[in-house]
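What TrEMBL says about this protein:
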TRANSMEM  39-56  transmembrane segment
DOMAIN    71-128  domain 'Homeobox'
DNA_BIND  73-129  DNA-binding region
DOMAIN    131-332  domain 'TLC'
TRANSMEM  136-155  transmembrane segment
TRANSMEM  180-199  transmembrane segment
TRANSMEM  265-291  transmembrane segment
TRANSMEM  303-324  transmembrane segment
REGION    337-373  region 'Disordered'
COMPBIAS  339-348  compositional bias 'Acidic residues'
Amino acid sequence: MLHTVSEWLWWDRLWLPEKVSWSDLEDSEGCVYAKASQLYAALPCALCLLFIRFLFERYLATPLADLWGVRDRVRLTAEPNPVLEKYFCSQARFPSQTDLTYLCKKTSWPERKVQVWFKRRRNHERPGFRKRFCEASWRCVFYLFAFVAGVLALYDKPWLYNLKEVWAGFPKQSMLPSQYYYYLLELGFYLSLLLSLTFDVKRKDFKEQVTHHIATLTLLSFSWISNYIRIGTLVMACHDSADILLEGAKVFNYAKWHWSANTTFVVFTALFMLTRLVIFPFWLIHCTWVYPLEEFAPFFGYYFFNVMLLVLQILHIYWAVLISRMLLKLIFSKLEGDDRSDEEEADSDSPKERNNKLSHINGSGARGRANGH
């Protein structure tokens, strides 16, 4: 049965154009083609990147945080209470009014004291500025390195300047060493992001981020197997260019260099809109949707690849709306903080005051909210 499933999964007509089979993509006459087995190298690459990230954050980002005066806020520790701790860990971080009354009776504490306990306990779970600074620093450096690698892999290629060259001779296009290492770097990075989800900073668009990472890994893997490597390298370079500025804006923001952060954010917004809402849909998706039909009849892989690109484009539009709101707040009011991360609560905040505070923060401080790829 497994053999039958494998044969169906790797059926030529699913992933390759008519009159082309997997046997046509065997290495021969100096031509080297991408192979599915090479994707296994992404796992050790991801583990290496996680180790490099650990060293970077510990020995470079942390001293830089000290140099720039990035400090975590002083947090008051919640008083030990097994009843409240059990409720917090197993049921909810924000108790309802009914549960609050029940917990008051169970602990013999006044309502105000229970509320303060939950605020302090929630603050204890939130990552501090230094952790956010180190994470943003790592991503900024990686995206810069990856973008430079992409430029070096593409600058002298004809398909960078004429997109019809992407499909010249497809799928019998020999793989270049620069393409192999560029793909391996990007696959390893996005796989490392999935592996580090449990200890990375949790943000409000967590589900969108997971969707983005899975869609990206699926696209990269499929484009590698089916030899969509030329368009794959263009898509990766297009995405990395804006991400450098986004993470840089976060770094400046956590360091309280507000003018630099705001300026970087404005430039990021312009570049994001250009690359994700203009170049990506009207150049790259057009290239994968229209030009291939001049060379061969549509097949399942053609539709699959374009649908996954459209999934990314939907995420781009979602993030573009958020970024536009942030830009308006920057122009007409004060923009500070990272709206995707929970803000710490003061002991004096009542539930009503806290809601008002979060509403104000969500409306005015969202520089780091959109981490679009």
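Any Cβ shown, glycine's included, is placed from N, Cα and C.
Where the annotation comes from TrEMBL, it is an automatic prediction and has not been curated.
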Surrounding residues of the transmembrane segment (180-199) on its own chain - C-beta under 8 Å, 6+ positions past either end: 34, 38-39, 41-43, 45-50, 53, 142, 146, 149-150, 153, 210, 213-214, 216-217, 220-221, 224, 229, 232-233, 236
Per-state residue totals over the domain 'Homeobox' (71-128) - DSSP helix, strand, coil: 35 helix, 0 strand, 23 coil
